[in-house]
Amino acid sequence: MSMKKVMVIGAGQMGSGIAQVHAMAGIDVILHDLKQEFVERGMATIQKNLNRQVEKGRLEEGERDAILGRLTTSTDLQNAKDVDLVIEAAVENMEIKSKLFADLDQIAPDHAILATNTSSLPITEIAAATNRPEKVIGMHFMNPVPVMKLVEIIRGLATTDEVYQAIEDLSRTLSKTPVEVNDFPGFVSNRILMPMINEAIYTVYEGVATPEAVDEVMKLGMNHPMGPLTLADFIGLDTCLYIMETLHDGFGDDKYRPCPLLRKYVKAGWLGKKTGRGFYVYE
Ligand code: CAA
């Protein structure tokens, strides 16, 4: 199954990164979002990333222009009518995703695979909104997408081997390393990462240490590139809370209860880097 044309839904941090790596791999990409200003912001991010590569002498200007030439923008879902693959990176809301997948199922050609970049929602439930659950799969990229090597590929209950193989092959084409996992809350990445972040927040909440101290311990002691609270700010505290709630609901186990301090920050609108304030203040 060759991927010649891909639609990426959602032009935020994840969607624009996903679009960029596909265009860099020679694939035509439609970057879709609800409003033109959203897709333009996503395109500006991609342009900035590519310009930095040119400045560093890693990319020729001509190559940059060719990559940008493979990207088109869309605010009309009907543009999915001739794609081989859709990768959805919209908001983490089951109702919105189910509606999107039901619509895409009507619009996209029969052979098209419908993938979701969800960080924790059940692939099987998203697939159930379509008449092609065998062609629905999780393709979970890590932030920042152009830098991080992992693609966590999640099989839904009905996903076929052929579809899994196509997505694994595509991930390698993108110069990423695919890892296969099954469909359980948080998959592998967030089932392990988020409880660690949540525990780091508890250590601050209980007065064990300051955010700076917690991050230093994990950076210098465990060789993590970022401390867990810096990482939480980078991911977005709303996303962290949402994933913890998904784990808590999905397993019904109190070990996944979100820290009250995390809830408080989200209620205050302190969502991390994107709002200028989380565990740290950003200029
Ligand atoms: N977009 C594109 N490129 C970026 C970038 C971004 N947002 N941020 C950094 N980079 C690039 C830089 O340009 C630089 O590239 P070159 O080597 O080509 O110059 C490279 O990444 C390294 O950047 P820096 O030297 O500025 O900084 P660093 O060495 O500290 O690396 C980092 C930055 C890669 C983000 C590193 O700190 C890191 O790996 N952090 C942890 C990231 C992580 O854990 N991500 C997973 C989050 S969880 C997730 O995404 C899943 C989920 O469901 C929540």
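The backbone N, Cα and C atoms fix where each Cβ goes, and this holds for glycine too.
In TrEMBL this protein carries:
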type	residues	note
BINDING	GLY10, ALA11, GLY12, GLN13, MET14, GLY15, ASP33, GLU92, LYS97, SER119, ASN143, LYS274	NAD(+) binding site
DOMAIN	5-183	domain '3-hydroxyacyl-CoA dehydrogenase NAD binding'
DOMAIN	186-282	domain '3-hydroxyacyl-CoA dehydrogenase C-terminal'
SITE	HIS140	site 'Important for catalytic activity'
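Of the listed recorded positions, namely LYS97, HIS140, the sparsest CB environment within 10 A is found at LYS97. In terms of DSSP helix, strand and coil, the domain '3-hydroxyacyl-CoA dehydrogenase C-terminal' (186-282) has 67 helix, 3 strand, 27 coil. Spacing of HIS140 (site 'Important for catalytic activity') relative to MET14 (NAD(+) binding site) is 10 Å (Cα to Cα, whole number). Compared over the binding-site residues GLY10, GLY12, the count of CB atoms lying within 10 A of a residue's CB peaks at GLY10. HIS140 (site 'Important for catalytic activity') falls within a strand when secondary structure is assigned with DSSP.
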